[in-house]
Amino acid sequence: AFAREAITHIIHTLESDGHEVVYSDTDSVFVRSPEATLEGARRFGEQISQRFTQAGVTFEFQSVYSAFFSHGAKKRYVARQVWPKEEMIVRGYETRRTDAFDYQSSALQEIFERVLAEDIDGLLRRSRELVAAVRNRQVPPSSWSSPGRSGPRSSTTNRPGRRCRSSGSSGSSRRKGTTSSRA
């Protein structure tokens, strides 16, 4: 409860100061940097970190992202990190799960790259190609089954406890110039 209250206070303060909080969860806040350069974004992140670090609570500045996407669910996002090292960060999606199958992981990686590049036409084209390849049996079953299984997954629609639901418009976020800090 303490971390949630601290994060809520930080979010309200940053927004009151005119900063855009693009994402937050129980221990993290992602803020759009008003600075156009990497060095400026790093300075901005360090200033936020120093401002909100208090006795007993450290608010650590962790990274700078040049692009960020979330479909609105907590702990599920994709970002292009540019500092402290350049890499694509994927959190909460199936590419990081141990039970994800190879075709799923590689397809999501390709799609996420296009999302972060804002290549919507390429994203739609490639998505259709990936689905068509499975439909046309161009992908070996071993590439679309879970590790340790010998064939394709059985349908989950009739399994007890498995339901597919839509949460409606939860919002999505595709942001450039985001800094990330963690309490």
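Every residue number used here counts from 1 along the chain in the order it is shown.
Here the Cβ of each residue, glycine as well, is placed from N, Cα and C on the backbone.
Look at TrEMBL and you will find 140-155, 166-183 tagged as compositional bias 'Low complexity'. For 18-123, the entry in TrEMBL reads domain 'DNA-directed DNA polymerase family B multifunctional'. For 136-183, the entry in TrEMBL reads region 'Disordered'.
Taken as a whole, the domain 'DNA-directed DNA polymerase family B multifunctional' (18-123) shows an average pLDDT of 93 in this prediction. Mapped onto DSSP classes, the domain 'DNA-directed DNA polymerase family B multifunctional' (18-123) shows 37 helix, 34 strand, 35 coil.
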